[in-house]
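I have placed the structure first, in the form of structure tokens, so that the comments after it can refer back to it.
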Amino acid sequence: MAYPVQLGFQDAASPIMEELLYFHDHTLMIMFLISSLVLYIISLMLTTELIHTSTMDAQEVETVWTILPAVILILIALPSLRILYMMDEISTPSLTLKTMGHQWYWSYEYTDYENLCFDSYMAPPSDLKPGELRLLEVDNRVVLPTELPIRMLISSEDVLHSWTIPSLGVKTDAIPGRLNQATLMASRPGVYYGQCSEICGANHSFMPIVLELVPLKHFEEWLLSML
């Protein structure tokens, strides 16, 4: 989860999020090198008299500043496309979870099981237990197994919403009349928090998401208690 005055991303808890962090660092380093070069050239122009007022043509320079940006864009595009394909690829899922957005709560349905569905509202501050987070805790957590591919089917009953878990690298819009799909696979157990990330009305800020990722054995025990 995020902490006050935190500048970086949340700790990655899925292979996709790890790839996104690597891509962020890769792109940031390229931006840093370009910015350093531009600042160096600006400082050089301000502190020296290396100007060529009589130069009318410089094909070598024009060739360099055409090819170099193209190479840089390719270096950014290739890993970006790789991650996009990874996020879109869904192998045979072990579990399917259907998520519906409402004003202003989420409803979940485990489509592989009969009658396993529930609504998830933000827990009011008066009901919070010690250690639970204000505005982020819910009355019904989503429990899922770790280290297994899970297919998320996401839609909305009313307006646009967005189902987002930053530490898992998942952000999918919930659009009325459309069923969007996402992949989720957690690499370690834990409790992961998210929120609706699309302004959806007066109580948009009060649509938290809580995932409880547990080992498969504990997930099976939870299933038996719910069915």
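Glycine too: its Cβ is placed from the backbone N, Cα and C atoms.
What Swiss-Prot records for this protein:
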BINDING   His161, Cys196, Cys200, Met207  Cu cation A1 binding site
BINDING   Cys196, Glu198, Cys200, His204  Cu cation A2 binding site
BINDING   Glu198  Mg(2+) binding site
TOPO_DOM  1-14  topological domain 'Mitochondrial intermembrane'
TOPO_DOM  46-59  topological domain 'Mitochondrial matrix'
TOPO_DOM  88-227  topological domain 'Mitochondrial intermembrane'
TRANSMEM  15-45  transmembrane segment
TRANSMEM  60-87  transmembrane segment
Chain-mates of Cys196, Glu198, Cys200, His204 with C-beta within 8 Å of site centroid, Cu cation A2: Gly101, Trp104, Val159, Leu160, His161, Ser162, Ser197, Ile199, Gly201, Met207
Distance from His161 (Cu cation A1 binding site) back to His204 (Cu cation A2 binding site), taken between C-alpha atoms, in Å: 9
Glu198 (Cu cation A2 binding site) - helix vs strand vs coil (DSSP): coil
Counts of helix, strand and coil residues, the topological domain 'Mitochondrial intermembrane' (1-14), according to DSSP: 0 helix, 0 strand, 14 coil
Residues of the parent chain within Cβ reach of the topological domain 'Mitochondrial intermembrane' (1-14), under 8 Å, 6 or more residues beyond its termini: 20-21, 24, 133, 136, 166-170, 184-188, 190, 192-193, 213
Which of His161, His204, all binding-site residues, has a Cβ with the fewest other Cβ atoms inside 10 Å: His204
